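Enquirer: Quick one: the structure is below, questions incoming.
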Ligand SMILES: Nc1nc(=O)c2c([nH]1)NC[C@@H]1CN(c3ccc(C(=O)N[C@@H](CCC(=O)O)C(=O)O)cc3)C=[N+]21
């Protein structure tokens with residue numbers, strides 16, 4: 001079974017559009033991008049397009065490559081204090097002169113629709129999440145949409161980043177999976193991966209997950225964003241070989257990526273609802 005993230009994201013965005021309309025709210029997202037990285041610019045453009053589609057206002061702030069941490073902190077503070085802004089997204093990665101941790105911690109937790117602030121990561125780890133990082137949250141949504149059971153299953157997450165691996169493990173644990181986090185120093189990695197009922201790869205190497213590392217019938221979630229030798233977007237998983245063994249698998253493109261953006265939209269609306277003290281998701 002192919003887990004069609006594109007299709008699920010479209011459906012979620014349609015539902016969200018109606019909910020926003022009915023709410024009478026006009027949520028607003030501010031994005032900040034530092035520098036000229038074409039990849040980052042593409043993703044931010046996609047986020048603005050999604051905003052437009054569902055009825056979220058968006059403002060894009062573009063700062064030069066040589067922006068200082070202080071200057072970026074001032075921009076964040078201004079958006080924190082702007083009552084018309086519900087969500088603030090600082091596109092990562094930031095240029096190397098910038099102290100990313102300070103910037104993430106400067107975003108008001110109520111406007112942290114990316115879910116990267118330590119308050120929100122702490123709430124997630126405590127099992128009482130408010131905003132969770134959009135990529136792993138989107139993965140939980142796609143698993144739910146396809147009725148894939150999580151409770152009691154063995155989940156193996158390969159990768160321990162703050163935006164994917166760590167929060168993914170926390171979300172799966174909150175859903176009662178037995179969770180293992182693997183990384184570059186893990187011994188017998190292939191054996192660990194073969195034990196997974198749910199295997200999440202967030203490694204960043206094309207062809208990293210081969211068919212012999214996947215248990216028959218397992219659910220395989222591919223978070224990789226790589227480009228092959230022909231310059232084509234591909235994930236971590238050897239898709240054609242692995243799909244024969246997997247029970248369910250997400251493609252790249254059309255899998256996890258669109259779910260990330262749909263989740264960002266949902267969390268931005270949630271921020272507007274919480275500000276207006278209406279129902280809480
Ligand atoms: N503060 C912050 N928040 C983020 O959420 C964030 C970020 N920084 N930095 C970069 C990553 C990456 N990311 C993606 C979103 C959508 C697709 C997506 O929709 N991809 C399409 C393909 C797009 C294409 O054609 O390249 C797909 O997989 O089908 C991919 C990647 C969000 N990120």
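Cβ coordinates are placed from backbone N, Cα and C, and glycine is handled just like the others.
Quick paste of what TrEMBL says about this protein:
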DOMAIN    3-114  domain 'Tetrahydrofolate dehydrogenase/cyclohydrolase catalytic'
DOMAIN    133-275  domain 'Tetrahydrofolate dehydrogenase/cyclohydrolase NAD(P)-binding'
BINDING   159, 160, 161, 225  NADP(+) binding site
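Describe the structural context of each listed feature in the structure shown, including burial, neighbouring residues and relevant distances.
Expert: Taken through DSSP, the domain 'Tetrahydrofolate dehydrogenase/cyclohydrolase catalytic' (3-114) splits into 58 helix, 18 strand, 36 coil.
Same-chain residues at least 6 positions away in sequence with a Cβ under 8 Å from that of residue 159 (NADP(+) binding site) are, in sequence order, 165, 182, 183, 200, 201, 202, 203, 204, 223.
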Enquirer: Which residues, sitting 6 or more apart from residue 160 (NADP(+) binding site) on the same chain, put a CB under 8 Å from its CB?
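Expert: Expected: 166, 181, 183.
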